[in-house]
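*Asks:* The structure that follows is given in the form of structure tokens.
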Amino acid sequence: MDSVILMEGSFGTQLEKYVGKVDGDPLWSAKFLVTEPEKCIAAHRDLVKAGTQILTTGSYQASIEGYAKYMRLDKNQALSAIKNSVKFAKEAIKREEKESGIKRCIKVAGSVGPYGAYLHDGSDYTGSYFNKITKQELIDWHRPRFEALIEEGVDLLGFETIPAMIEAEALITLLKEFPTQKAWISFSCKDNQSISSGESFYDTALKCWELGKEQLIAIGVNCLHPALVVQLFKEIRINHPEIPLIAYPNSGEHYDLNEGRWIDHSTRLPLTSYTKEWLDLGVKYIGGCCRTNDIDVKQFSKEIEKWKTSQEVR
């Protein structure tokens, strides 16, 4: 297996350490790209210190339409905010390197959330809009976000929490307009077989790989319960071991859309308790999504090193 890449925890969760509650805001962490730049940099620095190898921008829920609707920003101001998400991540790395004297080999990934995140109705977890919008409309909606992130010099794009194949296809089609740009795509899933729209994860992953394998570094899942990962990935790993896999699930808590809060279950296992089986399955990119932070990144790092050591003594 190629080297395992340690991803970060949730930027939004880490940001709560500095700004208070982020969940429930229609712009989520993207609001604070405008109102709290230094706190955004501080949250990124925490994740750099923890050892992440991929630092993801806070642009998941950032869009021209969203900024216009909720903050009354014009197009240029919105694009500037999206570009700032890249600047803040890079600045965090720069400051941490200067203070620690340690050169960090970290890639900055521009977070591209789904259209449903802008709708702010939970449809990034249902895909309920997938038969109400065309592929071309999705391409046109995402294009300014792509351009802003790429112009500011991201190393990668992360297509995150994608709920339906039509949006995945739109994103990959748009990616081809930028032929030197690499990206990963990860899906939100409703169970251990299907993405949020009800489409087969296995079939969707294969279609995405065929469409974009020249530019995709990995295909996988995020923002789901960690116990679902292995079952979702098994068939791909058996039949298509050439496809690199990425997994960064939530903590295992449940988000109640009606109450707008996370509900903890005292019986849930620590997120890192799943790490070994993901590694045994050949998952290359591992990290956490909602309700995970720098502490989880440090624990992931320990589990990965422990696993590597066990492989060496075999």
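Each position is counted from 1, following the chain as shown.
Using the three backbone atoms N, Cα and C, a Cβ is placed for every residue, glycine included.
In case it's useful when we look at the structure, here is the feature table from TrEMBL:
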- C223, C289, C290: Zn(2+) binding site (BINDING)
- 1-304: domain 'Hcy-binding' (DOMAIN)
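Could you place these features in context, so I can see how deep they sit and what lies close by?
*Replies:* C223 (Zn(2+) binding site) falls outside any helix or strand according to DSSP and counts as coil. Here the Cβ of C223 (Zn(2+) binding site) has 24 other Cβ atoms within 10 Å, regardless of which shown protein chain they belong to.
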*Asks:* On the three-state reduction of DSSP, what should I expect for C290 (Zn(2+) binding site)?
*Replies:* coil
*Asks:* Under a criterion of Cβ-Cβ distance under 8 Å and sequence separation of at least 6, what residues of the same chain contact C289 (Zn(2+) binding site)?
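*Replies:* Listed in sequence order, they are G9, S10, N222, C223, L224, Y248, P249, N250.
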*Asks:* Applying the rule Cβ within 8 Å of the centroid of the Cβ atoms of C223, C289, C290, what extra residues of the same chain belong around the Zn(2+) site?
*Replies:* S10, T161, N222, L224, Y248, P249, N250, G288, R291, T292
